[in-house]
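> According to TrEMBL, the active site, nucleophile annotation covers A:Cys86. The active site feature in TrEMBL is assigned to A:His203, A:Glu205.
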Amino acid sequence: MDVGIVVFPGSNCDADTYHVVRDVLGHRAQYVWHEERTLDGLDAVILPGGFAHGDYLRAGAIAATSPVVRALRAYAAGGGVTLGICNGFQVLLEAGLLPGAMRPNACGEFRCECVHIRVERTDTPFTCALAAGEVLRLPIAHAEGNYYADPPTHRALLAGRQVAFRYCDASGATGPGANPNGSHDAIAGVASPTGAVVGLMPHPERASEGLLGGEDGRRIFDSLDRWVAARPPAAPAARAGLEVR
Amino acid sequence: MTDVRTPEARTVRVVVTLKPGVLDAPGQAIRHGLDALGHGGVRAVRAGKYFELEMADDGRPDGGGLEERVRQMCEGFLANTLIEEYRYDIV
């Protein structure tokens, strides 16, 4: 499996993600600089956490104008598998590749702690090795993770099964006490309608080895592994960009 | 909007704030700060962002589509209209 890890000026979880993909999972990983104009040939693209362009204007807003995000639109339109983690999720929202927007945390503080999230959708490349309702314990570290969707967008999210993860307590119950940032409907992660593009605020790459206090994050990468292995190879005609009827 | 312009450049002032009803955590934190400093009577603070754009103006009587360009920049980039609103004036 070939995984591209996008690097924006200010990304700071790119090396952690690279380490997990290459050293923990044993796949090929490559950094993709934000000025790259193609993502062809990659089995998956990951937008890592950090503070791309210093989070100036809004988190992810400047990064969303990058050449690599233009390439990502084409990649995603062709069914390309994409994961946005934390700041990467914010970039996907600002780019319009996932619906909704991030507000500053309701508590007014940067939150850096372990939280629980409940798996809500299992037919995506990043959740297919998980069970619906399963609870993962993952770290968060963000100041703008307060997910917002206006009522029509929220209705569309529910109708399209686009909520991938919700914040919850250890037993899987949602509620104000288990919502670290005030996210609407406790939404911690969102998927595109097909599920090929997923974004989440918690950091699975920081919880993929026992040494780091937890391996729940590895389940998300294991899902990708399973998904890519099960995927039929692209037909030669499709690979060449020819129309197939 | 006033109609005072130099031949080449116009200054556009843009203010972006969270929409009413969208929780403004920074604004609330600032209000608490004012309160802590003894500035009583501040009922609410809305935090926002301010931009000054120096825009080329081709001198057409209608502003060369300047206002439309400003609106596009606000809608597509300077404000996230899912959660923010904007206002501007061209001086």
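If you go along the chain as it appears here, the first residue is 1 and each next one adds 1.
Placement of Cβ uses the backbone N, Cα and C atoms for every residue, glycine included.
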> Sorry to bug you, but what's the C-alpha spacing from A:Cys86 (active site, nucleophile) to A:Glu205 (active site), rounded to the closest Å?
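Per the Cα atoms, A:Glu205 (active site) and A:Cys86 (active site, nucleophile) stand 11 Å apart.
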> Any idea which of the active-site residues A:Cys86, A:His203 has the thinnest Cβ neighbourhood at 10 Å?
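So among A:Cys86, A:His203, the active-site residues given, the one with the fewest Cβ atoms within 10 Å is A:His203.
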> By the DSSP assignment reduced to helix, strand and coil, which category contains the residue listed as 'active site, nucleophile'?
coil
> Take the C-alpha atoms of A:His203 (active site) and A:Cys86 (active site, nucleophile) and report the distance between them in angstrom, rounded.
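Cα-Cα, rounded: 7 Å.
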> According to DSSP, which of helix, strand or coil covers A:Glu205 (active site)?
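Going by the DSSP assignment, A:Glu205 (active site) falls within a helical segment, counted as helix.
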> Around the C-beta of A:Glu205 (active site), how many further C-beta atoms are within 10 angstroms, looking at every protein chain?
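There are 31 such Cβ atoms around A:Glu205 (active site).
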